[in-house]
Amino acid sequence: MTVLQEPVQAAIWQALNHYAYRDAVFLAERLYAEVHSEEALFLLATCYYRSGKAYKAYRLLKGHSCTTPQCKYLLAKCCVDLSKLAEGEQILSGGVFNKQKSHDDLVTEFGDSACFTLSLLGHVYCKTDRLAKGSECYQKSLSLNPFLWSPFESLCEIGEKPDPDQTFKLTSLQNFSSCLPNTCTTLVSNHSLSHRQPETVLTETPQDTIELNRLNLESSNSKYSLNTDSSVSYIDSTVISPDNVPLGPGTAILSKQVQNKPKTGRSLLGGPTALSPLTPSFGILPLETPSPGDGSYLQNYTNTPSVIDVAPTGAPTKKSVARMGQTGTKSVFSQSGNSREVTPVLVAQTQSSGPQTSTTPQVLSPTITSPPNALPRRSSRLFTSDSSTTKENSKKLKMKFPPKIPNRKTKSKTNKGGLTQPSINDSLEITKLDSSIISEGKITTVTPQIQAFNLQKAAAEGLMSLLREMGKGYLALCSYNCKEAINILSHLPSHHYSTGWVLCQIGRAYFELSEYMQAERIFSEVRRIESFRVEGMEIYSTTLWHLQKDVALSVLSKDLTDMDKNSPEAWCAAGNCFSLQREHDIAIKFFQRAIQVDPNYAYAYTLLGHEFVLTEELDKALACFRNAIRVNPRHYNAWYGLGMIYYKQEKFSLAEMHFQKALDINPQSSVLLCHIGVVQHALKKSEKALDTLNKAIVIDPKNPLCKFHRASVLFANEKYKSALQELEELKQIVPKESLVYFLIGKVYKKLGQTHLALMNFSWAMDLDPKGANNQIKEAIDKRYLPDDEEPITQEEQIMGTDESQESSMTDADDTQLHAAESDEF
């Protein structure tokens, strides 16, 4: 009966791999109706989930007893997607009513899937405000599988500071093998195949089972192959001749042609490598070590001699060179498991030009490419069978005849750790042995699977090196060390730097530094190279809002909403567009739409709160900022928004507390320090306010907002000359800001220089003839500065000399000064 089920299951997986979800669902329903097994249940639920019907998968699994780990994990995943967090936790760890399972229990139960299970459980804990337990789950997940990125990302976002050097490393062989199930346990099997039969071993998918049974190519004791879920970068020549086996140091038997060949490295992506040996890379198969003294890249790759099988005498051998069939920039461990290329293998093969009855190929089942970050295989076959196994996302055997391999000149390598192709001899050639082994009288044979594993581990180490650098940059960004983040990410290899994700992080860093011109430049580059990217575009839209670029913002919002109407980023961009046009009611509707699309999107709540502030609906604004904090307690923009509202309500102590909370999250923000200084001065802490403003100016020496407020505090403390010096410097930064000239006039009035005071008041009127800044002056706290006795000029009376010169931090967004202190960070 099992044999009859396998073709149906194979057809289902083939439909899934080709995104034919309706066909997959239909066939899976037929299979489950025929066979009410746990495997068929899981397959049907998988079809529902992949087709975007998580609620169907949830109800199906919920209505049946889920005993296998794979069904439990999928059910918990559905619960999380449907916001049933408590139920998801109950399924994975036992919940609050039952005895909770420890991490070790979860590892024992879920096996290779434990890293994903712990990551999902950590997400549940963080969403339910149990950050400590969530952090433990994320860290355990990373220790089990350092190829995962999202747990590290989540740790950074909740305020933890994981060490990338300790996180992204292959600590042991066991650690590496846990990411690649059974990578080094698959044995070499030798098959005597007739001439022109395929001499390859391919990992089978359900749809390939029958053909593989016919060819009898599956190793009887091999449950998995290295290509568990993906065929990423592969050797399309299908064979590596016996003389391709790596040799020990200095043991190569080289032909004259090989010795004269220039030493080159060949990329696993095709074409010569342009990267230096120290460049973090994981798509490079080096054909020589970087330098005679540096064998670290592939250390221990070929430290033991190899026994080389060769062709019979007189049989010219067609040698193949290990090369990549893929082109472009795809590399090892980077693709999904749904590609359909033929999976490569390492095969020791000889082909005679004359009739040859049989060969004895040395077949290596584990290939050198496998994505450790892909989902691990199911722990057992969907249908038990002695003759074959059925696996997900493997590659289809399409080769009916062996490929014709043209004669090639061999690539050689003379240094330690490389691939060497000796010339063909009439008999078995044994390479020179390591001196230590010779002295002991021992001969050790390097098996092909160990060689493949070492190659694989070297590629994985390259990926680890890249992840460490990216992790350092992302950690610095989440800690708001923006300059450090920019420096780290800018030194990534160019092909990684010029990607949307990296550039978005750099653009966000410039945005946090209030360097909006630089941020716009970076984000525009993102739009050029990845016009389909939506993530991060909400920051780009706010950048354009700050720069008052209404046309570019309109184009961006139109493109995003046309591309993805279910994206909160698109509606945030549309809201910013109308906010810039001062159509606040429409902007509010768009921000509310963003929240409707994703209720857990904190930035949409923050933008909505700022719009309510502009329409003087402070109670609604307070609710929005509190919701943003509920969704993301580390969203410092919302803490700032609360402080701003309390300042407007003259609740200065509450304002200072909330500004300080925002500063604790983002200690590098000069704008937050500036606002704290303003509140401290309002609380009659003038000296402390000056110290705070000085710190802000140290962080950002050219921040006009900080310098203006420091000048205002100096003026209030009757330090007129210091205030005048500060204002003269500020005038060079913002030469068209009327408030600066107005405060200079106030200073000259106090110094008794009436003619200079009149001149500056006149300039202020010229820069602001319609009195647009009167809205600011009307909102100024009269306690901030002492009132003047009498206005000395008509201009000063019009400008409101009895008012303080401090900005209200909220209004008149058409001035340069306000742009620097905008509500929207």
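Every residue number used here counts from 1 along the chain in the order it is shown.
Yeah, the Cβs are placed from backbone N, Cα and C, and that goes for glycine too.
Features of the protein shown, as given by Swiss-Prot:
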- 38-65: repeat 'TPR 2' (REPEAT)
- 67-99: repeat 'TPR 3' (REPEAT)
- Thr205: phosphothreonine (MOD_RES)
- Thr209: phosphothreonine (MOD_RES)
- Thr313: phosphothreonine (MOD_RES)
- 326-341: compositional bias 'Polar residues' (COMPBIAS)
- 349-362: compositional bias 'Low complexity' (COMPBIAS)
- 363-372: compositional bias 'Polar residues' (COMPBIAS)
- Thr367: phosphothreonine (MOD_RES)
- 381-391: compositional bias 'Polar residues' (COMPBIAS)
- 396-414: compositional bias 'Basic residues' (COMPBIAS)
- Thr431: phosphothreonine (MOD_RES)
- Thr447: phosphothreonine (MOD_RES)
- 670-702: repeat 'TPR 11' (REPEAT)
- 704-734: repeat 'TPR 12' (REPEAT)
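Outside the repeat 'TPR 3' (67-99), and at least 6 residues removed from its termini, the chain residues within Cβ reach (under 8 Å) are 38, 41-42, 45-46, 49, 54-55, 57-58, 61, 106, 109-111, 113, 116-117, 120-121, 123-125, 127-128, 378-379. When secondary structure is read from DSSP and collapsed to three states, Thr447 (phosphothreonine) falls in the coil class. Residue counts for the repeat 'TPR 12' (704-734) under DSSP, split into helix (H, G, I), strand (E, B) and coil, are 27 helix, 0 strand, 4 coil. Residues of the repeat 'TPR 11' (670-702) grouped by DSSP class, helix first, strand second and coil last, total 27 helix, 0 strand, 6 coil. Note on the repeat 'TPR 2' (38-65): its mean pLDDT in the predicted model is 93. Of all Cβ atoms in the protein chains displayed, 18 besides its own lie within 10 Å of the Cβ of Thr447 (phosphothreonine). Taken residue by residue, the repeat 'TPR 2' (38-65) breaks down under DSSP into 22 helix, 0 strand, 6 coil.
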